[in-house]
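Enquirer: A single structure is presented below for examination.
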Amino acid sequence: MVKVAPSILSANFAVLGQEINDVIQGGADWIHIDVMDGHFVPNITMGPLVVEAIRPLTDLPLDVHLMIEEPEKYIQDFVKSGADLITVHQEACRHLHRTVYQIKEAGVKAGVAINPATPVEMVREILADVDLVLLMTVNPGFGGQTFIPTVLTKVKRCRQWAEEQGLSHLYLEVDGGVNEHTASLCRQAGANVLVAGSAIFSAADRREAINKIRG
Ligand code: DX5
Ligand code: ZN
């Protein structure tokens, strides 16, 4: 079953609670929260306070995507604020295995993300230790960018490794430029969690947008 995770980066922040309720009513499976620090990526967004404010609005899993340097320093804060899944970038972790176990030992699910130009081999040795792999389909930093189709090969390879290793529980997530057309390519390649920001929040009918992405 494919999950759809609306990214609130493209929501109207002046009425964030309303926007979140709207995608919940529309059938969202997870809420995707993009944390940017102005160092790992050239943009600054939100932190644990925003996660804490969202937590009482829903029981849906809060999927926190950390696009920050030294994410290990902030794991505890995001767990306390109510995150259910915490994803760190392989490129930002000097000791990825340690950080993954820091997340798991804090009691939440752990994910590892890689940028479009990072070889998928960089997650191969950590596959059995994580709950989620996030293959970025744009360069992280902004919503509304164009999907990079070469990442689909990485999705296929990662899905194949997961099958070979019997990791049927592994979430294989894609993020960036996902709309009804690219979503179908991602599903075919083996992705089972689809993050979408602008395609959902720019649509007048969020339920329809979510359903089209889910396929
Ligand atoms: C990009 C973020 C994405 C972003 C996706 O750095 O990680 O989650 O919000 O936005 P769209 O779907 O508009 O590409
Ligand atoms: Zn994201």
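In case you wondered, yes, glycine gets a Cβ from its N, Cα and C as well.
A quick note: this is a predicted structure, and the numbers were derived from the prediction, not measured.
Below are the features I grabbed from TrEMBL:
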ACT_SITE  D34  active site, proton acceptor
ACT_SITE  D175  active site, proton donor
BINDING   S7, H65, G141, F142, G143, G144, D175, G176, G177, G197, S198  substrate binding site
BINDING   H32, D34, H65, D175  divalent metal cation binding site
Enquirer: Can you list which of these recorded positions (D34, H65, G141, G143, G177, S198) have a Cβ closer than 6 Å to ligand 2?
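Expert: Cβ < 6 Å from ligand 2, in sequence order: D34, H65.
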Enquirer: Count the other Cβ atoms sitting within 10 Å of the Cβ of G141 (substrate binding site), across every protein chain shown.
Expert: 16
Enquirer: What's the CA-CA gap between S198 (substrate binding site) and D175 (active site, proton donor) in angstrom, rounded?
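Expert: Their Cα atoms are separated by 11 Å.
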Enquirer: Closest of the recorded positions to H32 (divalent metal cation binding site), Cα to Cα, picking from S7, G141, G143, D175, G177?
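Expert: The smallest Cα gap between H32 (divalent metal cation binding site) and any of the recorded positions is with S7.
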Enquirer: Rounded to a whole angstrom, what is the C-alpha distance between D34 (active site, proton acceptor) and H65 (divalent metal cation binding site)?
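Expert: Just about 5 Å between their Cα atoms.
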Enquirer: What whole-number Å value do you get for the CA-CA distance of S7 (substrate binding site) and D175 (active site, proton donor)?
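Expert: With distance taken Cα to Cα, D175 (active site, proton donor) is 9 Å from S7 (substrate binding site).
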Enquirer: Out of D34, D175, give me whichever of these active-site residues has the highest number of other Cβ atoms within 10 Å.
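Expert: Of D34, D175, the one with the most crowded Cβ is D175.
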Enquirer: Look at the binding-site residues G143, G177 and tell me which residue has the greatest number of other C-beta atoms within 10 angstroms of its C-beta.
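Expert: Output for this query is G177.
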Enquirer: Here are some binding-site residues: S7, S198. Which one has the most Cβ atoms within 10 Å of its Cβ?
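Expert: Neighbour-count leader: S7.
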